[in-house]
Amino acid sequence: MSNVRVSNGSPSLERMDARQAEHPKPSACRNLFGPVNHEELTRDLEKHCRDMEEASQRKWNFDFQNHNPLEGRYQWQEVDKGSLPEFYYRPPRPPKGACKVPAQESQDVSGSRQAVPSIGSQAYSEDRHLVEQMPDPTDSPAGLAEQCPGMRKRPAADDSSSQNKRANRTEENVSDGSLNAGSVEQTPKKPGLRRHQT
(Lines of atoms letter the chains of each structure in order from A and count residues from 1; the text may use other names and numbers.)
(Lines give C-alpha, C1' and ligand atoms only; values in the text may rest on other atoms or scores of the structure.)
Protein backbone atom coordinates (compact mmCIF):
# COMPACT_ATOMS: atom_id res chain seq x y z
CA MET A 1 0.00 0.00 0.00
CA SER A 2 2.98 2.31 0.31
CA ASN A 3 3.27 2.47 -3.47
CA VAL A 4 -0.26 3.84 -3.92
CA ARG A 5 -0.29 7.41 -5.17
CA VAL A 6 -3.02 9.82 -4.21
CA SER A 7 -3.70 12.53 -6.77
CA ASN A 8 -3.62 16.17 -5.71
CA GLY A 9 -7.24 16.61 -6.75
CA SER A 10 -8.56 14.12 -4.19
CA PRO A 11 -8.58 14.97 -0.49
CA SER A 12 -6.36 12.96 1.76
CA LEU A 13 -7.90 10.28 3.91
CA GLU A 14 -7.18 12.26 7.08
CA ARG A 15 -9.11 15.26 5.78
CA MET A 16 -12.06 13.08 4.71
CA ASP A 17 -12.31 11.46 8.16
CA ALA A 18 -12.23 14.85 9.86
CA ARG A 19 -14.90 16.25 7.53
CA GLN A 20 -17.28 13.37 8.22
CA ALA A 21 -16.93 13.80 11.97
CA GLU A 22 -17.47 17.59 11.91
CA HIS A 23 -20.46 17.77 9.59
CA PRO A 24 -22.50 14.58 9.45
CA LYS A 25 -24.29 14.05 6.19
CA PRO A 26 -28.02 14.83 6.46
CA SER A 27 -30.34 11.86 6.21
CA ALA A 28 -31.89 11.02 2.88
CA CYS A 29 -35.37 11.24 4.40
CA ARG A 30 -36.13 14.96 4.31
CA ASN A 31 -39.27 16.87 5.05
CA LEU A 32 -39.92 18.94 1.93
CA PHE A 33 -42.72 21.11 3.34
CA GLY A 34 -41.37 21.94 6.79
CA PRO A 35 -42.08 20.33 10.14
CA VAL A 36 -45.39 18.51 10.57
CA ASN A 37 -47.95 20.18 12.81
CA HIS A 38 -49.73 17.12 14.19
CA GLU A 39 -52.52 19.11 15.87
CA GLU A 40 -53.40 20.89 12.63
CA LEU A 41 -53.20 17.62 10.72
CA THR A 42 -55.58 15.95 13.20
CA ARG A 43 -58.03 18.87 12.97
CA ASP A 44 -57.97 18.76 9.17
CA LEU A 45 -58.56 15.01 9.15
CA GLU A 46 -61.49 15.26 11.58
CA LYS A 47 -63.02 18.10 9.54
CA HIS A 48 -62.63 16.08 6.33
CA CYS A 49 -64.26 13.02 7.94
CA ARG A 50 -67.17 15.15 9.23
CA ASP A 51 -67.66 16.67 5.77
CA MET A 52 -67.73 13.21 4.17
CA GLU A 53 -70.21 11.94 6.78
CA GLU A 54 -72.51 14.94 6.28
CA ALA A 55 -72.38 14.50 2.50
CA SER A 56 -73.34 10.83 2.90
CA GLN A 57 -76.21 11.75 5.23
CA ARG A 58 -77.53 14.29 2.72
CA LYS A 59 -77.16 11.87 -0.18
CA TRP A 60 -78.78 8.83 1.46
CA ASN A 61 -80.86 10.57 4.17
CA PHE A 62 -79.54 8.09 6.73
CA ASP A 63 -77.66 8.69 9.99
CA PHE A 64 -74.85 6.13 9.70
CA GLN A 65 -73.48 6.81 13.20
CA ASN A 66 -76.79 6.15 14.98
CA HIS A 67 -78.17 3.72 12.35
CA ASN A 68 -81.39 5.73 11.95
CA PRO A 69 -83.18 6.79 8.76
CA LEU A 70 -83.71 10.51 8.22
CA GLU A 71 -86.41 12.40 6.34
CA GLY A 72 -85.61 12.89 2.67
CA ARG A 73 -86.13 11.54 -0.80
CA TYR A 74 -85.58 7.89 0.18
CA GLN A 75 -88.14 5.85 2.10
CA TRP A 76 -86.27 3.51 4.44
CA GLN A 77 -88.18 0.46 5.62
CA GLU A 78 -87.20 -2.58 7.64
CA VAL A 79 -87.35 -5.87 5.73
CA ASP A 80 -87.23 -9.51 6.73
CA LYS A 81 -83.89 -11.24 6.30
CA GLY A 82 -85.47 -14.06 4.29
CA SER A 83 -86.74 -11.68 1.60
CA LEU A 84 -83.22 -10.40 0.85
CA PRO A 85 -80.83 -11.97 -1.64
CA GLU A 86 -78.51 -14.45 0.02
CA PHE A 87 -75.32 -12.42 -0.48
CA TYR A 88 -76.56 -9.75 1.96
CA TYR A 89 -76.53 -12.09 4.96
CA ARG A 90 -74.14 -14.84 3.84
CA PRO A 91 -71.17 -15.12 6.21
CA PRO A 92 -67.96 -13.76 4.74
CA ARG A 93 -65.33 -16.09 3.36
CA PRO A 94 -62.72 -17.26 5.83
CA PRO A 95 -59.39 -15.46 5.63
CA LYS A 96 -56.82 -16.79 3.16
CA GLY A 97 -54.63 -18.22 5.91
CA ALA A 98 -57.50 -20.27 7.39
CA CYS A 99 -57.45 -24.06 7.23
CA LYS A 100 -59.62 -25.67 4.60
CA VAL A 101 -60.67 -29.03 5.94
CA PRO A 102 -63.12 -30.98 3.78
CA ALA A 103 -66.51 -31.26 5.40
CA GLN A 104 -67.36 -34.73 4.10
CA GLU A 105 -64.73 -37.21 5.17
CA SER A 106 -61.02 -37.51 5.70
CA GLN A 107 -58.85 -40.55 5.45
CA ASP A 108 -56.16 -41.33 8.00
CA VAL A 109 -52.95 -43.29 7.40
CA SER A 110 -54.55 -46.67 8.12
CA GLY A 111 -57.14 -46.07 5.40
CA SER A 112 -60.18 -45.77 7.66
CA ARG A 113 -62.47 -42.83 6.99
CA GLN A 114 -63.63 -40.42 9.65
CA ALA A 115 -66.21 -37.68 9.57
CA VAL A 116 -64.54 -34.31 10.12
CA PRO A 117 -66.36 -31.09 10.90
CA SER A 118 -65.60 -28.26 8.56
CA ILE A 119 -63.51 -25.60 10.21
CA GLY A 120 -64.65 -22.16 9.22
CA SER A 121 -68.26 -23.15 8.65
CA GLN A 122 -69.47 -20.47 11.03
CA ALA A 123 -69.28 -16.79 10.24
CA TYR A 124 -66.30 -14.57 10.92
CA SER A 125 -68.27 -11.38 11.00
CA GLU A 126 -68.02 -8.12 12.81
CA ASP A 127 -71.54 -7.28 11.64
CA ARG A 128 -73.22 -8.91 14.60
CA HIS A 129 -76.64 -7.57 13.69
CA LEU A 130 -76.51 -9.61 10.45
CA VAL A 131 -75.21 -12.84 11.97
CA GLU A 132 -77.38 -14.64 14.47
CA GLN A 133 -74.76 -16.95 15.97
CA MET A 134 -71.54 -15.61 17.40
CA PRO A 135 -68.47 -17.42 16.09
CA ASP A 136 -66.72 -19.82 18.37
CA PRO A 137 -63.39 -18.49 19.73
CA THR A 138 -61.70 -21.51 18.19
CA ASP A 139 -63.04 -20.44 14.78
CA SER A 140 -61.27 -17.09 14.90
CA PRO A 141 -58.24 -16.65 12.66
CA ALA A 142 -55.96 -16.79 15.72
CA GLY A 143 -57.59 -20.05 16.82
CA LEU A 144 -57.23 -21.45 13.32
CA ALA A 145 -53.54 -20.69 13.33
CA GLU A 146 -53.15 -22.74 16.51
CA GLN A 147 -55.19 -25.64 15.13
CA CYS A 148 -53.52 -25.75 11.70
CA PRO A 149 -50.00 -24.41 12.10
CA GLY A 150 -48.70 -25.60 8.76
CA MET A 151 -51.43 -26.92 6.50
CA ARG A 152 -50.02 -28.01 3.18
CA LYS A 153 -51.76 -27.82 -0.14
CA ARG A 154 -50.76 -31.41 -0.88
CA PRO A 155 -50.25 -34.11 1.72
CA ALA A 156 -46.71 -35.35 2.16
CA ALA A 157 -46.03 -38.47 0.10
CA ASP A 158 -44.60 -41.75 1.40
CA ASP A 159 -40.93 -42.47 0.68
CA SER A 160 -41.94 -45.28 -1.67
CA SER A 161 -44.08 -43.00 -3.83
CA SER A 162 -41.70 -40.03 -3.85
CA GLN A 163 -40.16 -41.15 -7.15
CA ASN A 164 -43.39 -41.30 -9.14
CA LYS A 165 -42.07 -39.23 -12.06
CA ARG A 166 -40.91 -41.21 -15.07
CA ALA A 167 -37.40 -40.67 -16.32
CA ASN A 168 -37.01 -38.83 -19.57
CA ARG A 169 -35.23 -41.45 -21.66
CA THR A 170 -33.39 -41.00 -24.92
CA GLU A 171 -32.97 -43.48 -27.76
CA GLU A 172 -29.50 -44.50 -26.55
CA ASN A 173 -30.86 -45.51 -23.13
CA VAL A 174 -33.68 -47.49 -24.72
CA SER A 175 -31.34 -49.47 -26.97
CA ASP A 176 -29.22 -50.54 -23.96
CA GLY A 177 -31.82 -53.14 -23.10
CA SER A 178 -32.59 -51.51 -19.76
CA LEU A 179 -36.31 -51.22 -20.37
CA ASN A 180 -38.67 -51.01 -17.44
CA ALA A 181 -41.99 -52.79 -17.39
CA GLY A 182 -43.66 -49.37 -17.76
CA SER A 183 -43.96 -47.26 -20.89
CA VAL A 184 -40.95 -45.37 -22.17
CA GLU A 185 -41.09 -41.65 -22.90
CA GLN A 186 -38.93 -40.18 -25.60
CA THR A 187 -38.04 -36.55 -25.98
CA PRO A 188 -38.96 -35.26 -29.42
CA LYS A 189 -36.04 -33.83 -31.39
CA LYS A 190 -36.08 -30.86 -33.70
CA PRO A 191 -35.18 -31.51 -37.32
CA GLY A 192 -31.52 -30.74 -38.00
CA LEU A 193 -30.78 -27.22 -39.14
CA ARG A 194 -28.27 -26.61 -41.90
CA ARG A 195 -25.38 -24.50 -40.78
CA HIS A 196 -24.09 -21.97 -43.26
CA GLN A 197 -20.36 -21.49 -43.30
CA THR A 198 -19.10 -18.01 -43.96
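Backbone N, Cα and C define each Cβ position, glycine as well.
The phosphoserine feature in Swiss-Prot is assigned to Ser10; the stated evidence is similarity to another entry.
Sequence-distant neighbours of Tyr74 (phosphotyrosine) (same chain, 6+ apart, CB under 8 A from its CB) are Trp60, Asn61, Phe62. According to DSSP, Tyr74 (phosphotyrosine) sits in a coil region rather than a helix or strand. Per Swiss-Prot, phosphotyrosine is recorded for Tyr74 (among others), and the stated evidence type is similarity to another entry.
Using a 10 Å radius centred on the Cβ of Tyr88 (phosphotyrosine) and all shown protein chains, the other Cβ atoms total 9. The phosphotyrosine annotation in Swiss-Prot covers Tyr88 (among others).
Under the heading phosphotyrosine, Swiss-Prot lists Tyr89 (among others). In the structure as shown, the Cβ atom of Tyr89 (phosphotyrosine) sits within 10 Å of 15 other Cβ atoms.
Taken from Swiss-Prot, the feature phosphothreonine covers Thr170 (among others).
Annotated phosphothreonine per Swiss-Prot: Thr187 (among others), in sequence order.
Look at Swiss-Prot and you will find Thr198 (among others) tagged as phosphothreonine, backed by similarity to another entry.
Annotation source Swiss-Prot lists region 'Disordered' at 1-34 (among others).
The region 'Interaction with CDK2' feature in Swiss-Prot is assigned to 51-91.
Taken from Swiss-Prot, the feature region 'Disordered' covers 85-198 (among others).
Thr187 (phosphothreonine) sits 55 Å from Tyr88 (phosphotyrosine), counting Cα to Cα. When Cβ atoms from all protein chains are considered, those within 10 Å of Thr187 (phosphothreonine) total 8, not counting its own.
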